[in-house]
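Colleague: Quick one: this structure, given as structure tokens, is what I'll be asking you about.
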Amino acid sequence: MIDVRCICAIGQRGQLGLNGHLPWEGNTDPLFVEDVTRFFALTMGHVLIAGPKTVASVPEFAFKDRTIDVIRSHEDPEAVLKRYPGRRIFVGGGIAVWNVYAKYIQHWDVTRLPYDGEADRWFDPAWLVGGPLRS
């Protein structure tokens with residue numbers, strides 16, 4: 001069985017994104033910095049698959065310590081996952097990607113951050129049971 005996981009952070013009410021970025025991007029509060037550090041530590045040496053916007057936000061240094069694959073929601077997910085036999089695969093998002101890959105994810109690593117501001121993208125709890133609540 002392929003080891004497929006999701007790693008993401010959400011705000012207090014499930015906020016995921018705002019204007020194409022993390023709503024808390026650039027926040028230097030130690031809890032936010034710790035979450036970013038943890039993301040890079042957990043994915044190090046593994047595969048990170050994500051949509052183009054998510055991959056575009058990954059700093060250049062991160063490409064040397066993990067395999068990063070830009071995927072599209074229309075790609076066959078089973079074919080994508082088969083590219084990495086024996087590897088741990090993290091699905092990094094965004095929403096269109098999670099809508100497709102939710103049914104393959106065996107472990108959800110979700111960090112709730114102390115952000116309670118605005119957002120235009122939200123975490124869908126239906127992903128936790130294998131599918132999108134809304135299409």
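Cβ coordinates are placed from backbone N, Cα and C, and glycine is handled just like the others.
Swiss-Prot feature annotations, pasted as is:
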{"type": "BINDING", "residues": "Ala9, 16-21, 52-54, 93-97", "note": "NADP(+) binding site"}
Colleague: Let me check the 10 A CB neighbour count of Gly93 (NADP(+) binding site). How many other CB atoms are there?
Modeller: 23
Colleague: Including all protein chains displayed, how many Cβ atoms other than that of Asn19 (NADP(+) binding site) lie within 10 Å of its Cβ?
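Modeller: For Asn19 (NADP(+) binding site), the 10 Å Cβ neighbour count is 10.
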Colleague: Measuring CB to CB from Ala9 (NADP(+) binding site), give everything in the same chain under 8 Å that is also at least six residues away in sequence.
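Modeller: Once residues fewer than 6 apart are set aside, Ala9 (NADP(+) binding site) is near Leu22, Asp35, Phe39, Val110, Thr111, Arg112, Leu113.
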Colleague: By the DSSP assignment reduced to helix, strand and coil, which category contains Asn19 (NADP(+) binding site)?
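Modeller: The residue in question, Asn19 (NADP(+) binding site), is coil (DSSP, three-state).
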Colleague: Long-range same-chain neighbours of Val97 (NADP(+) binding site), Cβ under 8 Å, sequence gap at least 6?
Modeller: Ile49, Ala50, Gly51, Thr54, Ile71, Ser73, Val91
Colleague: Within 10 Å of the Cβ of Ile95 (NADP(+) binding site), how many other Cβ atoms can you find? Include all protein chains, please.
Modeller: 20
